[in-house]
């Protein structure tokens, strides 16, 4: 028992005294005061000099943030809007003028009407393509699949007429203008091909009708070429090769 009492007294012996406890309490208070002072220093508001001027809202501002006010004067004076309004329509930029197409068609339908050289001297292929397709379609309805012959003879005929007109005229002419004129003058041949859908043209009536249509087409084409190229007194010389070309289309229509 004496050994057990000595072991307890040795086990509970320590160098810790009341003075050390008071000193540790003072140290903890000091550390606490230092933490509180740092926290108060961090919670102090920043001075006004660190705030950007544009972030300060004036008392008279009545708008909303991130929504700029619209300036109607800027949009009304913008050069881009004016240039967009002055742009021509898309069909005119592509070279498709329905007024010119209608005037050329009326000129072809009326061989006695004088042609306007300023309008006829254009590379307008809208009407010629439509008339070529219409001729092939009417031949197809009559039981003749001749699209290849129509396009082939049109291309070769335009090349030949183009070469002849450049040799005969001093000003010269473009291939597009020749193709445009010959294509528009193909309209009477489309009428003849439409008649072939209802009755046969292999007879005297069909032959006479074909001769009238060939003269109609060649007369209209030569009139337009004379007016566009200023070739006065040479209409018969221009009408002869045109009549040969339209005679080939008439043969396709009849036979």
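Glycine too: its Cβ is placed from the backbone N, Cα and C atoms.
Per TrEMBL, the feature domain 'Yip1' maps to 110-252.
Here TrEMBL flags 149-167 (among others) as transmembrane segment.
Marked as transmembrane segment by TrEMBL: 173-199 (among others).
Same-chain residues lying 6 or more positions outside the transmembrane segment (211-231) and placing a CB less than 8 Å from one of its CB atoms are 107-108, 111, 114-117, 120-121, 165, 168-169, 171, 173, 177, 181-182, 184-186, 188-189, 191-192, 238-240, 242-243, 246-247, 250. The feature transmembrane segment is assigned by TrEMBL to 211-231 (among others).
TrEMBL lists 237-254 (among others) with the feature transmembrane segment. Long-range contacts of the transmembrane segment (237-254) within the same chain, counting only residues at least 6 positions beyond its ends with a Cβ under 8 Å from a Cβ of the stretch, are 135, 139, 144, 146, 149-150, 153, 157, 160-161, 164-165, 168, 182, 185-186, 189, 192-193, 196, 201-202, 206-207, 210, 213-215, 217-219, 221-222, 225-226, 231.
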Counting only residues at least 6 beyond its ends, the same-chain positions whose CB falls under 8 A of a CB in the transmembrane segment (149-167) are 132, 135-136, 139, 173, 175, 178-179, 182-183, 186, 225, 229, 238, 241-242, 245, 248-249, 252
